[in-house]
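The annotation active site, proton donor is assigned in TrEMBL to 76. Under the heading substrate binding site, TrEMBL lists 138. Taken from TrEMBL, the feature domain 'NADP-dependent oxidoreductase' applies to 38-302. Per TrEMBL, the feature signal peptide maps to 1-19. Annotation comment: TrEMBL describes 105 as site 'Lowers pKa of active site Tyr'.
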Ligand SMILES: NC(=O)c1ccc[n+]([C@@H]2O[C@H](COP(=O)([O-])OP(=O)(O)OC[C@H]3O[C@@H](n4cnc5c(N)ncnc54)[C@H](OP(=O)(O)O)[C@@H]3O)[C@@H](O)[C@H]2O)c1
């Protein structure tokens, strides 16, 4: 059954190929097409030395390398630099606005219905864009401006998201960090269904129930922190043995990072690798000339520890906290 699901997921993902793009697209439940690899621009798990200008350069390198999807958020504080990287690539005729896909997110302190469209307009102004391709509620949790808990129901927030879509300011709308019960409640009480749930997915946090639920309900999963505990500040603490990943990578002449990203793709997940390093940016989109066997996908899933990289336990007592603890 697992083998069948992964093959079906892959075929579904690779079915829609936008002629002008090097990256295959998936069709969202509202009919729009979304490229199946996105450059991450959030820097929370990144090197301390990454600057905002590194983000501008990374976005440009990515578009030059063939990425057509950039993931940002109001909370990252880098929408301006993302917009500059895009503008530079458009000015150099590398891309057009029409053939790229930009995702941004609504922060937790703008959850009242009447705050949503103005917050999106501010994001668009920072990005230098007239519309966003995908607008996500970053978390189901709401906060006051000082970060203390608020109690705005995400169903109210979603009404503002629907307005953003109706106004044409967001082509597609979705959510991030929602758990299954929250998705069910949202779907049962809304006019428009979310097209995406952006959640953490990696070999060390495999998210089978969430991915299964989303597939059954026509919601695409975008996977953040795809490298899990294999990279970054916490990797040493986890002391993970990469031997299996490296053996698989050697078999295909790829890096362990490419194997991880391909693993997500074959599980039907859109990976969002963050890099500001030009070599790794190029490497992280070079994923379409090899395929893992179903056994290799299953083997990589055995790295699962159910430990999140992004775990904001400081919000655990806030209303609508989505995680177990
Ligand atoms: N919705 C949410 O709540 C949420 C939460 C977290 C993240 N995100 C999104 O997801 C993106 C990615 O998540 P993340 O930044 O937490 O984690 P990640 O992409 O798994 O890891 C980023 C780290 O991996 C390194 N790296 C990149 N490519 C590599 C490769 N091929 N081999 C080895 N190391 C590599 C990067 O360093 P270099 O830059 O030096 O290459 C960086 O230190 C974010 O940028 C953001 O857009 C969303």
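Cβ from N, Cα, C; glycine included.
Annotations in TrEMBL come from automatic prediction, not curation.
Since the structure is predicted, the reported quantities are computational estimates derived from the model, not experimental observations.
Shown are the recorded positions 105, 138; the one with the most C-beta atoms within 10 angstroms of its own C-beta is 105. Neighbour list (residue 76 (active site, proton donor), Cβ cut-off 8 Å, at least 6 residues apart, same chain): 41, 42, 43. Summarising model confidence by region, the domain 'NADP-dependent oxidoreductase' (38-302) averages a pLDDT of 95. The CA atom of residue 105 (site 'Lowers pKa of active site Tyr') is located 5 Å away from the CA atom of residue 138 (substrate binding site).
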